[in-house]
Amino acid sequence: MEDSYKDRTSLMKGAKDIAKEVKKQTVKKVNQAVDRAQDEYTQRSYSRFQDEDDDDDYYPPGETYSGEANDDEGSSEATEGHDEEDEIYEGEYQGIPSTNQGKDSIVSVGQPKGDEYKDRRELESERRADEEELAQQYELIIQECGHGRFQWALFFVLGMALMADGVEVFVVGFVLPSAETDLCIPNSGSGWLGSIVYLGMMVGAFFWGGLADKVGRKQSLLICMSVNGFFAFLSSFVQGYGFFLLCRLLSGFGIGGAIPTVFSYFAEVLAREKRGEHLSWLCMFWMIGGIYASAMAWAIIPHYGWSFSMGSAYQFHSWRVFVIVCALPCVSSVVALTFMPESPRFLLEVGKHDEAWMILKLIHDTNMRARGQPEKVFTVNKIKTPKQIDELIEIESDTGTWYRRCFVRIRTELYGIWLTFMRCFNYPVRENTIKLTIVWFTLSFGYYGLSVWFPDVIKHLQSDEYALLTRNVQKDKYANFSINFTMENQVHTGMEYDNGRFLGVKFKSVTFKDSVFKSCTFDDVTSVNTYFKNCTFIDTLFENTDFEPYKFIDSEFQNCSFLHNKTGCQITFDDDYSAYWIYFVNFLGTLAVLPGNIVSALLMDRIGRLTMLGGSMVLSGISCFFLWFGTSESMMIGMLCLYNGLTISAWNSLDVVTVELYPTDRRATGFGFLNALCKAAAVLGNLIFGSLVSITKAIPILLASTVLVCGGLVGLRLPDTRTQVLM
């Protein structure tokens, strides 16, 4: 009886030991990630698990636990870093726990229900809690990785993409005068070239920003920059105006995704104390793009000797060389971007724990090697990942034909982008989105509107000065003459020309009014801004001229002949003073941004984003009133430089605030929407301010000042993100 009792006691103790060991191992594996997040920065060793286990283990006298005898049989890559006593090496990656762990076990009373039994509201609540925990942990991880070689390498790669965006904004304005003559652009269609690029950038910003939240920052940026580079390069070779417009539209569509994706990408590898300053330094590349475009235009476009032709049908002039050179920053960014990893913050957001861990370890090791500390170990081995909520259904391979599957896939992705965009107006970011919309619209409307108004005013002042130098010839008579020189800036009124020959003459800004031409010959004549108003031509021969019908206004022809008229569009024989002046003014205006960039970068984390945003916009609005005193070209250029220098701080702080206010799952989408709104406001500002150039100064000044001050006051009401972790 006593032996039977001892056997039962020994059996019960053995069963209890086995159950206790199974329970402890399960609890230890489930809670290991939480313990690591709490202890990794205290450098505590995880051998404490074994020590605690040993204190609680019970083995009957004379018996020992032999469950470790076959441990090697269950080893795998996921368990590397464990010794025979199951001690975890510091910094060794343990792999992400299975999402199905514990799901298939028996559900006891009081056990939490599985995801399949929860409604969407519960799942979203759990996801928000996971995201908050991840945000705090990710900030600690980025701080451990440090700021060094990796961030600087990514800084220059993304800077090239941002530089390409700056070039795209300037390139159309620089090539427009030459492209108008080379592509036979009518006056009614010249405005389309500037607007079509902004239209493409507006659509592209929204699309690529949304795609970056779906497929990743790197992939979206690679695709959009490739689209921009390809069509920008192609536009330099097309001959027709329609094809040129299409190429610039698609080029703008591609580059539209650069700004929202670049800032989202770079912000996600920066620690909180570095974010404001280094995002501001990144903004400097946009200015560098403007300087690059201005300098290249100044150096290339006026040099017609760089041109070549292949027959009369294909003309490759210097402005096309300029377009190719402007595509180089985009090509460079695409090549360099292929060597950079995806944003680890995005990967964690979509549940790709292992890939994110490897990239974070790469960042840590790269920075530590650059510091001369290669022995320093990356101590993180578990990172919180938000609960994934399936929204879209994967398309099966047998769903109709290939093009139907492609169409359904595109439609599904677009619908997903739209859903993400609508979530930008949900709690808790709805109020911030509305305020940011107002600030982005007002700043863009005022900045781009006045940016167009300044050059037009300078051009208007130049025209007034040019008109004062006009030579007026009235009621005179010339007979039996021959002219073979250039005639410029003249008005001939009530003149009579009898038996005259115009041989190889270049007419530049010449107008003939109420004049009579008898038995005259125009041979090999070219003209720019030259018109015949209410003139009479009798027995006159026009041979090899570029006189189009629109140059004869209310004129009469009697027994006249037009032979071998020049075909195609003739390159203007301007002395290039105006071209040099335009490039020089843009160069100075862009260079004036440099001090503002430096100041904003140094003070962004000291005085705060909101103070800089509101203060810069209010000061820019006040500076508009100095335009009352701009009565000369030099004074207007000075005002332009002052205005650009003040507004750049507002742009930099607005970029930083926008990135920090949106969570990771909709950061690029929200930024893309606001950037698209920015382009729409720019087009509206160009139209309104451009129509007021020759009317009055009062309306543009008051309109720009009011808009900027109101936007600055709204910007001061945004939340301060200086001490906030990136959600």
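Cβ atoms here come from the backbone N, Cα and C positions, even for glycine.
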Open item on the list: Confirm whether, per Swiss-Prot, LYS697 lies on the same side of the membrane as CYS224.
Closed with: no
TODO: Could you put numbers on the helix, strand and coil content of the topological domain 'Cytoplasmic' (270-280), residue by residue per DSSP?
DONE: 9 helix, 0 strand, 2 coil
Open item on the list: Need one number: mean pLDDT over the topological domain 'Cytoplasmic' (1-154).
Closed with: 53
TODO: Enumerate same-chain residues with a sequence separation of six or more from ASN534 (N-linked glycosylation site) and a Cβ-Cβ distance below 8 A; give 'none' if the list is empty.
DONE: LYS513, ASP514, ILE553, ASP554, SER555
- [ ] Report, in whole Å, the straight Cα-to-Cα distance of ASN559 (N-linked glycosylation site) from ASN480 (N-linked glycosylation site).
- [x] 20
Open item on the list: Can you tell me how many other Cβ atoms are located within 10 Å of the Cβ belonging to ASN559 (N-linked glycosylation site)?
Closed with: 9
Open item on the list: Spatially, which candidate from the recorded positions TYR466, ASN559, ASN565 is nearest to ASN484 (N-linked glycosylation site), comparing Cα atoms?
Closed with: ASN565
